[in-house]
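Enquirer: I'd like to ask some things about the structure below.
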Amino acid sequence: MKTLVVFDFDHTIVDDNSDTWVIRSTPEQTLPDWLKKSYQSGRWTEYMGRVLTYIGDQSVRPEHMRSVMESIPLTDGMIELLTFISENKKDIDCIIISDSNSIFIEWVLHASGLKSAVDDVFTNPANIDARGYMTLRCFHAHDCEQCPINLCKRKVLRDFKEKQAKADVHYERICYIGDGGNDFCPIKELKGGDIAMPRKGFTLEKLLCKAFSEGAESLPAKIMPWTSGNEILRELRAIIE
Ligand SMILES: [Mg+2]
Ligand SMILES: [Zn+2]
């Protein structure tokens with residue numbers, strides 16, 4: 001049976017937030033206050049829609065946005081890790097679940113030459129319209145009260161496992177790699193034998209520590225915090241060999 005590796009994108013595969021990195025494509029490299037102040041808690045995707053409209057209004061061309069996005073740094077060791085995954089596709093399936101968007105992820109994966117590692121990407125669909133403006137839609141609707149309205153990563157993971165099971169693909173183990181608050185919900189979907197891999201020093205690790213100290217029993221057996229993708233690579237290599 002295969003191993004399923006699930007990646008978050010921002011601050012996991014890339015060492016920054018793609019939604020804030022894109023602001024570097026504007027002439028001023030910053031957003032006006034009225035726009036920053038328009039953010040409402042839990043409604044990030046709608047806010048990003050306004051940011052992308054503003055970027056279009058500044059006559060920023062998609063090609064320029066693309067070159068800026070291609071300069072976002074990858075997290076240490078991620079090239080090695082994703083290269084290993086691409087070389088071991090018979091043992092490893094790999095998906096990305098992200099609150100970024102389909103175009104940013106496509107640009108970054110394409111530029112890094114690591115696309116072949118990834119089987120599927122679940123994220124907010126983006127489009128470039130006839131004017132050259134990027135537009136965004138919410139990934140899905142869900143009824144989880146812990147997650148932002150556009151995306152519950154636990155639902156994505158559960159739906160993916162069900163879809164795979166119908167095709168008779170069952171996973172021996174799931175490794176979930178992430179950093180953020182919205183990576184906590186999908187970790188509750190993991191079972192004994194699966195591994196939660198929170199980035200050291202980031203929100204997810206703190207939430208897991210807190211859950212443990214409060215005696216949560218529904219958490220997976222194994223938690224492996226990481227600093228570099230190379231540590232994950234060593235673990236993955238040991239698993240499949
Ligand atoms: Mg993240
Ligand atoms: Zn959720």
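Glycine is treated like the rest: Cβ placed from N, Cα and C.
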Enquirer: With Asp8, Asp10 listed by TrEMBL as binding Mg(2+), identify the candidate in Asp179, Asp194 belonging to that site.
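Expert: Mg(2+) site check in TrEMBL: besides Asp8, Asp10, the record includes Asp179 out of Asp179, Asp194.
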Enquirer: Give the subset of the binding-site residues Asp8, Asp10, Asp19, Asp179 lying near ligand 1, defined as CB under 6 A from any of its atoms.
Expert: Asp8, Asp10, Asp179
Enquirer: Residues near the Mg(2+) site, Asp8, Asp10, Asp179 excluded, by Cβ within 8 Å of the Cβ center?
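Expert: What remains near the Cβ centre is Phe9, His11, Thr12, Ile13, Ser98, Gly178, Gly180, Asp183, Arg199, Phe202.
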